[in-house]
């Protein structure tokens, strides 16, 4: 091995002459042996997919009704599973078993499509990751404020409206983000993903149980075949809400932003593509079951009055301690989801900084920190990583403090990113990889899927923009907003 400075394996190149097929300590690309399995990949996916967005599925189902709501959830589960498998086939170029590895989504696009599409893909991907980070900060602060408000309601016997500002809770979440953002790379977030996945099952199960008990208590399934009635909302609101509901469901399944990075943690044999497809099928199946149950029982419990967030919108007041546990689980899950989601962006910046300044000790040198509690490995401190990631977390904390309605902006970014990242690029790369002839039946089928999803993305973006305009009318910075 040469004497070059080596930093985290996700962000920097390692100058090793790889042995064919790898060795006991190194893979075929000269990097340290990957250890990921179906289970760790599934944990990463579930952490990224089953986010707090699940809590809005009852509201989304209420906008679409008993026929369209569950149907749309099933359709998007099949679509996500299918396009994710297409993308997984593009982890290695030319040959899915022994071809050149693509370590990031952008590298996969560059290897298969090239040209200006690489820059377009990068801009969309990293803008979306930035937007998701802001969305997670807002969602976590709302859940933390909900715990405080729930206890206030309980103590005052619901006589006090208990208006609370989410700003202090954004600061608290930002503080946790600064600490955990120093996890060097994706390979070292597996434990965090397992904890986060467990938390997502915790609050999803609590929300589902509360919905079932509510239905049992009232003895009826509320709702209608076509969703919220004209009269409760205007015709225009019905259209915008339906578009927004489509977007909420579509984005609730999406994790293509980090799929390649997750796949890059998987060991082989069997091939990474084969393992990733199994993890995709497992995690999307589990996710779909939870989504269907959560959305349907939430709608059955509240009908047209289903809140946008089932646990923080105070659809449930009692037992207040159980609702508090669910909201605490949401916060813990979002701490992990924030780190898993932002790792590709962290790695991208650090990799390019190292290329531009290869001789900089500030950017490349690592310092061993040994003064750690017993049982902990030596931590490798990188000053650039410490400074830049802290600045990133501060920015994604301060912006939502000033503009807490930015979750709608995240929705717009999600809508604009859904089609290219989840559908268009995977479809086009798969066509190139498998050399599918133009105008063949398979080519036409893939293009039909792509165009249909483009239309959905445009409609969802319009719905999210309408929601943003509505929120702007009532915007008051740094005021109690919950």
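Each residue's number is its place along the chain shown, starting with 1.
Using the three backbone atoms N, Cα and C, a Cβ is placed for every residue, glycine included.
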TrEMBL record, transmembrane segment, of the ranges 15-37, 38-60 the matching one is 38-60
Look up transmembrane segment in TrEMBL and report which of 66-91, 92-117 it refers to.
66-91
Same chain, outside the transmembrane segment (281-302) by at least 6, Cβ under 8 Å from its Cβ: which residues?
38, 41-42, 45-46, 49-50, 54, 57-62, 66, 69-70, 73-74, 77, 80-81, 84, 201, 204, 207-208, 210-212, 214-215, 218, 221-223, 252-253, 310, 315
How about long-range neighbours of the transmembrane segment (38-60): same chain, 6 or more residues beyond its ends, C-beta under 8 Å?
69, 73, 136, 139-140, 143, 189-190, 192-194, 196-197, 200-201, 204, 207, 211, 244-246, 248-249, 251-255, 257-258, 262-263, 265-266, 275-276, 278-280, 282-284, 286-287, 290-291, 294-295, 297-299, 301-302, 306-312, 315, 330, 333-334, 336-337, 340-341
Which of 126-147, 191-213, 412-432, 444-469 has the most Cβ pairs closer than 8 Å to the transmembrane segment (386-406)?
126-147
Is it the case that the transmembrane segment (126-147) and the transmembrane segment (444-469) touch, counting contact as three or more CB pairs under 8 Å in which the residues of each pair are 6 or more positions apart?
no
